[in-house]
Structures are given as C-alpha cells and as structure tokens.
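The block underneath contains the structure these notes are about, expressed in structure tokens.
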Amino acid sequence: MRQNNNITEFVLLGFSQYPDVQNALFVMFLLIYIVTMVGNLLIVVSIIASPFLGSPVYFFLACLSFIDAVYSTTISPVLIVDLLCDKKTISFPACMGQLFIEHLFGDTDVFLLVVMAYDRYVATCKPLRYLTIMNRQVCILLLVVAVTGGFLHSVFQILVVYSLPFCGPNVIYHFFCNIYPLLDLECTDTYFVGLAVVFNGGAICMVIFTLLLISYGVILNSLKTYSPEGRHKAPFICSSHFIMVILFFVPCIFLYVRPVSNFPIDKFLTVFYSVITPKLNPFIYMLRNSEMRNAIENLLGYQSGKTGFRCSKLN
C-alpha cells in the first residue's frame, strides 16, 4: 500500500538542456520510432497475410514484432514530445503506469525469446515431430506463459516503488520512469529493496541469458551431426535469434545485475535496448530470412519470381 508523500509529479532531465541538441535528438528519435513501427507492423501484417508463413516460428515472430512495437510506443513518444518541452514533467500515476507497461512488454519480450529458442530446439532436434509438438494449442499456451511471466514481474516492480514514500526531490535523472532512478528518490533506506530488485530483475535476466546461450549451443551441436550441409549451415541457422538475444540482454545485464546505482551511461544503454533494438528486429529477420523477404515483397506488390510451398525455416 502506498505510503503518504508530497510528490505529485516528477521532472525528467532527459539527455540535454541545449535546444540545438534537443532538436537534433527529436529528429533522430522520431525517425527511429517511425522506422520501428513500420518495420515491426510490416512483419506482423506480412505473416498474417501470407499463406506460406504458417509455421509456429512465424507465429512467435509476429508476436515478438507486435510486442516490440508496443514496447517502443511505451517509451519513444514520451521521449520525443519531451524533447520539444521546456519543462519535462510526468504525473505520479502516469509515471507508475509507464513503469508497469514498460516492464510488462519488456519482460514479455524476454520470455518470448525463451519460447522462440525452445521452438528452434524442437524444429532442429525433433524435426519429424515438430508440428505435432508445437501445435496451435501449445503455441498459444507458451504465449500466455510469456505474457504471464511479464505481468508478474511488472506487478513486483510496481509494488516495490508504489509502497515506498517519496518526500523530495522529484527530479529523475533519466528520460523516463525507470526503477533505479525512482529508488534514488525514496525517503527511506532502499538497500534491501534494491537487493530484491536485483534478484528479481538482474538475476533472472542473467539466468535466462545463460539458458538461451546453452540452448543455441545444443542446437548448433545437433545440426553438426546431421550432414555436411548441416555442418555448413550450423553457424547461420539460428543467427537471427542469437543476434536479438545479444542486443537485448547485454545492456540489460549491465543495468540490472548490480547494486542500485545510476551512471551517466545508463541512459544510452537504455536507449539501445528500448529504442534501437526494437528497430533492428525487423531488419535482422528480413535480412536473414528469405521467406520473410518474399512475403513482404508480395505484400508490397513486388514479384519475387518464386512460387510454390517452401519449408518454413530460419536461415
């Protein structure tokens, strides 16, 4: 339950107080946001519209792209608008809402990457039973589990912040409401709360990252035992997923696998995994996947010159 406090709004410092720098950042982040939304929604629509992309991996890819689009919308529009404002403020309820939604979709993204790694494991190690194991009901169940995991983690984060008192100051040294900058403003000792946040966020992030690396190692090792062609494809077969895992988890590990503290570089690392990575997602999958490229070309009205059914796989 929230304790009494005299804070009704927070002031976000953002990146810079210089107008010229703010204008340049406004243009840059606006373009990034537009590209992010167009790219991710293009993947979602292409997968829904294409009769050839019915494999479970594309179902999860569409979900990942949709979540990335929503996740980016949680942060980028506020950042873009604030760059045009002299006083960057956010109300207490809006700040709590942003914190909850950001963690909800960010954590769902993390769990969905685990689900996609499992999907690739089944497709590679049990190809004859792939469609039987990864049937429609299982895919929906795995998606629900990913969303539930993100929801529970977000509830914990919001309860931690909401239950502690804010007495001032109300200046957040960040461009949005994030957990560590908010804990710095609490009027009580947050040492043990910080340890709980590290365990809940950082440790889980590290464990999942390690499990993902192990799973990709198992997949690559399994591919090498198949045939000369399998050995040739081994370095590339799951590269799209692996690249996304590295881009997302490395900044998160640096930010959350440590005691509660804030550094100037935190803002730039947060931009990388919350603004840049969702933009890169569609390009990585389009460049690494010929089926995805063909589906987008067909959606946009281009003739790919190829017909017929193609086995669904990422390469």
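Glycine is treated like the rest: Cβ placed from N, Cα and C.
These come from Swiss-Prot:
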{"type": "DISULFID", "residues": "Cys95-Cys177", "note": "disulfide bond"}
{"type": "CARBOHYD", "residues": "Asn6", "note": "N-linked glycosylation site"}
{"type": "TOPO_DOM", "residues": "1-24", "note": "topological domain 'Extracellular'"}
{"type": "TOPO_DOM", "residues": "46-57", "note": "topological domain 'Cytoplasmic'"}
{"type": "TOPO_DOM", "residues": "81-95", "note": "topological domain 'Extracellular'"}
{"type": "TOPO_DOM", "residues": "117-139", "note": "topological domain 'Cytoplasmic'"}
{"type": "TOPO_DOM", "residues": "161-193", "note": "topological domain 'Extracellular'"}
{"type": "TOPO_DOM", "residues": "215-235", "note": "topological domain 'Cytoplasmic'"}
{"type": "TOPO_DOM", "residues": "257-266", "note": "topological domain 'Extracellular'"}
{"type": "TOPO_DOM", "residues": "288-315", "note": "topological domain 'Cytoplasmic'"}
{"type": "TRANSMEM", "residues": "25-45", "note": "transmembrane segment"}
{"type": "TRANSMEM", "residues": "58-80", "note": "transmembrane segment"}
{"type": "TRANSMEM", "residues": "96-116", "note": "transmembrane segment"}
{"type": "TRANSMEM", "residues": "140-160", "note": "transmembrane segment"}
{"type": "TRANSMEM", "residues": "194-214", "note": "transmembrane segment"}
{"type": "TRANSMEM", "residues": "236-256", "note": "transmembrane segment"}
{"type": "TRANSMEM", "residues": "267-287", "note": "transmembrane segment"}
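Recorded residues the residue listed as 'N-linked glycosylation site' and Cys95 (disulfide bond) have their alpha carbons 15 Å apart, per Cα-Cα distance.
In sequence order, Phe10, Leu12, Ile90, Cys95, Met96, Gln98, Leu99, Glu102 are the residues near Cys177 (disulfide bond), counting only same-chain partners six or more apart with C-beta under 8 A. DSSP labels the residues of the topological domain 'Cytoplasmic' (117-139) in these numbers: 20 helix, 0 strand, 3 coil. Pairs of Cβ atoms less than 8 Å apart link the transmembrane segment (58-80) most often to 25-45, out of 25-45, 96-116, 140-160, 194-214, 267-287. A coil conformation is recorded for Cys177 (disulfide bond) in the three-state DSSP classification, outside any helix or strand. Counting other C-beta atoms within 10 Å of each candidate's C-beta, the recorded positions Asn6, Cys95 are led by Cys95.
In the three-state DSSP scheme, Asn6 (N-linked glycosylation site) is classed as coil. Sequence-distant neighbours of the topological domain 'Extracellular' (81-95) (same chain, 6+ residues past either end, Cβ-Cβ under 8 Å): 7-14, 22-23, 25-26, 29, 166, 175, 177, 182. In terms of DSSP helix, strand and coil, the topological domain 'Cytoplasmic' (46-57) has 6 helix, 0 strand, 6 coil. Sequence-remote contacts of a segment are chain residues at least 6 beyond its ends whose Cβ falls under 8 Å from one of its Cβ atoms, and for the topological domain 'Extracellular' (257-266) they are 173-174, 180-181, 183-184, 190-191, 193-195, 197-198, 202-203, 205-206.
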